[in-house]
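Since the structure comes first, as structure tokens, the remarks are kept for the end.
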Amino acid sequence: MSINLKSPVFAGNPIKSKTPKPTDPFSHTQAFETLKNLISNKTHDQDSSLTIKILPLSKGKPLAGSTGEKWHLGWFSFDEFKDVFVGSEVNLSEDMFVYLGYENGVVYWGIDVSLLGESLVREFGAKQLCFVQLTTLMVATDWSDEDAMGQLAIAGHARAILEWHITSRYCGSCGEKLIPIEAGRRKQCTDESCKKKIYPRIDPVVIMLVIDKENDRALFSKMGRFVPRMWACLSGFLEPGESLEEAVRRETMEETGIEVGEVVYHSSQPWPAGPSSMPCQLMVGFLAYASSFEITVDKKELEDAEWISREDVKRSLTFTEYGKAQKTAASKVDQICKGVEIGQNLAADFSVESGELVPMFVPGPFAIAHHLISSWAHQFRFTFGPARSGLAAVVSVLEVVGSTIQD
């Protein structure tokens, strides 16, 4: 089974697709002025014409609701959010908000409400809204639903930027306090002699499927934190002073003792679902071709590593029911929002298999690893819609040219 997505999970954010001009009322500069006026009750005529939606997050968890089979983000209008905020011990300030983007005349903001405590949780709970782990929402998302995928991308962006604000409180140059600027899109040192601007942190990670061409097999790794029988690609952080290709070769050698020759770029994926200390990783995916084949596992990094044949990989993809897992997770989100206490670490407690027990399975379609593996197993280059369509067009042209030459 191959799964074709329009864009990688957490990419394709619908409210970040356009950059408005600074004078546009939907731009971050103008929208921030409108927000300030609304908070201070100094509204102007142009302010009332601007529609604002606010997404609260708490401890990295976006606010969400559910209709049973499908979850949705818990958006508030400005007036609704201000009413919820009344009576709290924290004064509402424009610097608490971060600009997320705009679409169809609506400006979207994110805000961290972790400091407001249980009273706000109860307030949202009465509306059957709850704070849900981003990874839980990720597994519960129907990847064939474009709107749901867009909602997940928005939630991921909001978590990444707000967690970056929480972890970046002081200037790395002089130690003074940092304050938000540009509607929360940047931060700046408060020391007049420093004034250093700080940009959101992005941690690049290479992730690679290492292939043995001659024997038609690929290298898979297993880690202790994985679900039993789950195998995935090798991966590792980029180090200063090395290229992406060098990082692929170094990580593969360090973890498995395998030497890599050719390295071919496949695709990339933003990953805002990691720890708060690294709120947005960028996964850069490669197909890497082995030039040696004897595995020596670094037990500090991996539990195990094995060469697995293409046929066994295809079999695991065939017998893995990712749709079933998605529906199970969506049901759990619905129960959480209705106040049922359920653990939100779903990695180990949903079934992804059909009736036949398979010796291995790989990460689901929400992970770039799945698409690296699937593209190799099924012998096509891309699993994301636009890229694959473009390749198909090129292939079609070449076929026409080839037939013309033969004629």
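Each Cβ is built from the backbone N, Cα and C atoms, and glycine gets one as well.
Heads up, TrEMBL stuff is auto-annotated, nobody curated it.
Taken verbatim from TrEMBL:
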{"type": "DOMAIN", "residues": "200-330", "note": "domain 'Nudix hydrolase'"}
{"type": "REGION", "residues": "1-26", "note": "region 'Disordered'"}
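In the predicted model, residues of the domain 'Nudix hydrolase' (200-330) average a pLDDT of 93. Look at the region 'Disordered' (1-26): DSSP puts its residues at 0 helix, 1 strand, 25 coil.
Each residue in the domain 'Nudix hydrolase' (200-330) gets a DSSP state, and the totals come to 31 helix, 51 strand, 49 coil.
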